[in-house]
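What follows is a short report on a single structure.
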Amino acid sequence: MYKFRIQGSDKPLSGEVTISGAKNAALPILFAALLAEEPVEVANVPKLRDVDTTIELLQRLGAKVSRNGSVHIDASEVNNFCAPYDLVKTMRASIWALGPLVARFGKGQVSLPGGCAIGARPVDLHIHGLEQLGATIKLEDGYVKAEVDGRLKGAHIVMDKVSVGATITVMCAATLAEGTTILENAAREPEIVDTAHFLNAIGAKVSGMGTDTITIEGVERLGGGYHEVVADRIETGTFLVAAAVSGGKVVCKNTKASLLESVLAKLEEAGAKVESGEDWISLDMTGRELKAVNIRTAPHPAFPTDMQAQFTLLNMMAKGPGIITETIFENRFMHIPELQRMGAHAEIEGNTAICGDTDGLSGAQVMATDLRASASLVIAGCIAKGETIVDRIYHIDRGYDKIEDKLTALGANIERVRSSEL
């Protein structure tokens, strides 16, 4: 087991950071490669624990996978149609194997998934979508089992609620369905758009991605192709917040402002100077006063729930108060008690947190509770007075590619240490 040991400083975090590919696009794209009868190459895939788990799962299913810069996948000889519990238990994204398996092979089963403990994220919407495409679904022995005689059938589907995961499942499965599928009330996130671009690169006919109505014209087979994963907008936002709360200046490279317009608008409202070009975003907080902002999470293009914890920290350190309202997940304020251990000011009322006017943070031993919350603890440690130990950093490794190296390049004093060394 590893932990982060951070020596806090009042020195601003400043410099350049290269943003990795988006985890939330890379994972569905890697699973969607199961649809392809010929080899595919996926570039700009981040080096993350969840990516490693996905690659191992694809290999268990019979795909040939290698990584040499890009990830190369040959799913032409897939011969196992079951995603087992020992892999799925660590990663909720494993459910994305089900749609491609049943669409291409007529059958598939996936153990009920695990992942971050941030509330109920049931697979009901995935199941209902596949059933509307003609699949028969059973829940047996802890597995979701899907079958279809012949091909799936295109359908007009109206999602009961906006769901990124279920939108991806239905969109991928419908590519090999007979006929046209119209998916209404679809999620609009950039990662869904990127997954659709990958599907089209291997021969699918997907249109309307990025709107709430996606149209998929089914084809008989999908071939091979090349795709480069879109930049990680959440990693981008995380480093921009790190600069903002430390009074620094950072340039994020290999990313695009169009991916996180709602986040950039709130950073400007908080007092930061934000500029951008074709493939970079800069934030300058030098000599500026940090002001608390009101945040309400909602599906894209509104403010993303995955940036909520980082802005909770920003509000705590700003001239406040600022109100954070979480509408996507329940139980997503687990980072607040940990930040309070460091001296942060916040009050929680249901799905709302009121925070601001914290007079500095003090280093403490804190525990990462989920992926994005853990990032806020790491940033807090960088700006706190004294030493901070962040435990259970495997959560961070699920979504951030070498976060300690990138923070070190910005001037942070952070190291990964074995628990036995502390």
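Yeah, the Cβs are placed from backbone N, Cα and C, and that goes for glycine too.
Keep in mind that what you see is a predicted model, and the values were worked out from it rather than measured.
What Swiss-Prot records for this protein:
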ACT_SITE  CYS116  active site, proton donor
BINDING   LYS23, ASN24  phosphoenolpyruvate binding site
BINDING   ARG92, ARG121, PRO122, VAL123, ASP124, LEU125, LYS161, VAL162, SER163, VAL164, ASP306, ILE328  UDP-N-acetyl-alpha-D-glucosamine binding site
MOD_RES   CYS116  2-(S-cysteinyl)pyruvic acid O-phosphothioketal
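Between the listed binding-site residues, namely ASP124, ASP306, the fewest other CB atoms within 10 angstroms of a CB are found at ASP124.
The two recorded residues ASP124 (UDP-N-acetyl-alpha-D-glucosamine binding site) and ASN24 (phosphoenolpyruvate binding site) have their Cα atoms spaced 20 Å from each other.
Least crowded of the binding-site residues (LYS23, ARG92, LYS161), judged by neighbouring Cβ atoms within 10 Å of its own Cβ: LYS161. For the binding-site residues given as ASN24, SER163, the lowest number of other CB atoms within 10 Å of the residue's CB is seen at SER163. Secondary structure at PRO122 (UDP-N-acetyl-alpha-D-glucosamine binding site), as computed by DSSP, is coil. Distance noted between the C-alpha atoms of ASN24 (phosphoenolpyruvate binding site) and ASP306 (UDP-N-acetyl-alpha-D-glucosamine binding site) is 11 Å.
You'll find the Cα of ASP306 (UDP-N-acetyl-alpha-D-glucosamine binding site) roughly 12 Å from the Cα of LYS23 (phosphoenolpyruvate binding site).
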